[in-house]
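One structure is given here, and the rest of the page talks about it.
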């Protein structure tokens, strides 16, 4: 039977040798059968979470002109403010307003690959309007970066790989990203909301793992089980929601499952939903050839057998609204190139200003795919461009 709820794991149990084996067993179950989990007792004080939520919500109350000073299209980094309904997922508009942030990095040097434009300074709101915002989020991203890499080592142990199996994919100063997101309720959206209640369309995350702080009481995040049913993932105080990305599924030969999920805008009259997802980064210079031919080593057959048993119990396959798109063989040869193309696809206004050639290439691919689908009827496959195929995005 496919899952009907999201498991809750206590990270404190992983720090005690007496309870760590049971924790790893529970983690393996979550990785193989769900691809999502709640994580509590992560080591961040409640006061820090409260300040992060307070500052995050306050951002959306500053004057519009202050937000536009740091609009995403002002820089080629895809960091900064995005207006309501400025991003596209699964071919449809996402009804959300947000700011994208990153751990601290300098501008790329001369001759650097184009994707290194993604490694750049943040566009921070002015301290005149939000004096604690920068300090709060720089500290939080630093804390979360350390937690995410430590948790990835636990994932490795849970599937009987060496704890450091994934370390080769992290830079010494690894970039991680974060969003602060506001989803207005359908009533506030007015005419825009008539197109549907898509806060974020169905998608899978791109890389290894993400960690969501649900910053308001609203439901809205839903996870698709193996029968194709949508399962609520409501806020639980004191937890982060961990989602497994397509990169982890690829590296573990399908043992760790990346699960399709979506966000529905709040119903009219319920007010805005706020969320703060943190996205663990991966070394951008990593080549798809390495991921597919070398990777982290072979997962033991007895572990793979457990995953096969999960599939067998569910009819041998999963009903999934989003195809697995983390693969090479396309235009992009590295994760950095694929990530840049994916960002251009999600934010065509930024692409038009800074990467018009990439945007033109993507539109040509989309047109070829449209013609192909019209010729063959419904169906078709992924564009074949690694994580840039458009269904692997960063949002919760």
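Counting begins at 1 with the first residue displayed.
Placement of Cβ uses the backbone N, Cα and C atoms for every residue, glycine included.
Under the heading compositional bias 'Basic and acidic residues', TrEMBL lists 366-376.
Positions annotated as domain 'Fe2OG dioxygenase' by TrEMBL: 174-282.
According to TrEMBL, the region 'Disordered' annotation covers 366-396.
The predicted model assigns the domain 'Fe2OG dioxygenase' (174-282) a mean pLDDT of 89.
Across the compositional bias 'Basic and acidic residues' (366-376), DSSP helix (H, G, I), strand (E, B) and coil residues number 11 helix, 0 strand, 0 coil. Residue counts for the domain 'Fe2OG dioxygenase' (174-282) under DSSP, helix first, then strand, then coil, are 14 helix, 45 strand, 50 coil.
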